[in-house]
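The following features are taken from TrEMBL:
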type     : residues                                                                                             : note
ACT_SITE : Asp45                                                                                                : active site, proton acceptor
BINDING  : Asp45, Gly46, Asn127, Glu128, Arg153, Asp155, Thr166, Ala167, Tyr168, Asn169, Lys170, Ser171, Ala190 : NAD(+) binding site
Amino acid sequence: MKYAVLNRGDDISVSLTETFHRLANGQGLICDDEEPEIVLSIGGDGTMLQAFHRYVGQLDRIAFVGIHTGHLGFYADWKPNEIELLVQLMAENRSKDQIYPRIVKYPLIELQLDGEDTGKRTYIALNEFTLKGVENTLVAQIDINDELFEMFRGDGICVSTPSGSTAYNKSLGGAMVHPSIPSIQLAEIASINNRVFRTLGSSLILPKHHHFDIHPRKKQKLLLTVDHVNIPIDHFRSIRCRVADQTVTFIRYRPFPFWNRVREAFLGYDEHGHYNV
Ligand code: NAP
């Protein structure tokens, strides 16, 4: 089994990475940063975003797993003190009850930016992308399935995946979507509503066979952010987005139910009703 590790860079994550390499070496696992089969992220959900973008060109042959060195993450369920068990399960490639490992696939967003200077560029997001005005508000027409839907004016828009629905999207009042539902969610960031610009006001969830386009209504400096990556853009004709054909794969050696993570992360108690905060 070939693996790679990415860590957050803090002392705990760096030291855990060294421990992981030592244990993995002892179990016959091979470190290969170029062609890994499993990528381990050590840190937080932000670290998993970095690992994802480092290997975004190899998603069809990589499975991700995460150790959290802070609070329980949405992408990282292993605790630092479970590192030996994780290495052992990776080496054996099975759990005691032989039900695991399981391969879990989550939907992603594909966005195609049609820039006046740059031509067409495609990006893949694990959490979301946002489009915001830099100097002024974003002014754009939004079409769904090639038909005019609304004229948007406001700070920006946020388009999230189901697994990203617990991140920026949640702060915008968007719904949390189970990652087994291939969909994208469009949430508004401080929209202005008047007689000219009128938006729905609530977030929209589009299924896999739908797409939508964002057409700027004036020349404007904008900031496109794909997960944690900022891409300043000057002039573009459109951004088309839809559920990507690719998915991201996570390897599970034990259950990691999405709603349990939501409860523990946002409500602060476990399945017995005990507060963890
Ligand atoms: P950051 O500003 O350092 O961290 C943002 C926070 O979002 C961290 O606490 C991170 O968890 C958490 N997070 C990331 N993915 C998540 C997910 N799928 N569900 C729940 N929480 C999640 O930025 P970063 O580490 O580079 O991460 C970029 C992400 O920040 C973006 O994808 C966006 O979702 C989020 N963000 C949120 C807001 C907002 O809520 N107003 C604004 C900007 C960006 P960890 O601590 O475990 O890493």
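Cβ atoms are placed via backbone N, Cα and C, with glycine included.
Sequence features annotated in TrEMBL and their locations in the structure.
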residue: Asp45; record: active site, proton acceptor; DSSP class: helix
residue: Asn127; record: NAD(+) binding site; DSSP class: coil
residue: Arg153; record: NAD(+) binding site; DSSP class: strand
residue: Thr166; record: NAD(+) binding site; DSSP class: helix
residue: Ala190; record: NAD(+) binding site; DSSP class: strand
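Ligand 1 lies under 6 Å from the Cβ of Thr166, Tyr168, out of the binding-site residues Arg153, Thr166, Tyr168, Lys170, Ala190. Taking every pair among Asp45, Gly46, Asn127, Glu128, Arg153, Asp155, Thr166, Ala167, Tyr168, Asn169, Lys170, Ser171, Ala190, the residues recorded as binding NAD(+), the greatest CA to CA distance is 31 Å. Lys170 (NAD(+) binding site): 17 other CB atoms within 10 A of its CB, across all protein chains. All protein chains included, Thr166 (NAD(+) binding site) registers 22 other Cβ atoms within 10 Å of its own Cβ.
In this structure the alpha carbons, written CA, of Tyr168 (NAD(+) binding site) and the residue listed as 'active site, proton acceptor' are 12 Å apart. Note: the CA-CA distance between Thr166 (NAD(+) binding site) and the residue listed as 'active site, proton acceptor' rounds to 11 Å.
Other C-beta atoms found within 10 angstroms of the C-beta of Asn127 (NAD(+) binding site) number 28, with every protein chain shown included. The two recorded residues Ala190 (NAD(+) binding site) and Asp45 (active site, proton acceptor) have their Cα atoms spaced 26 Å from each other.
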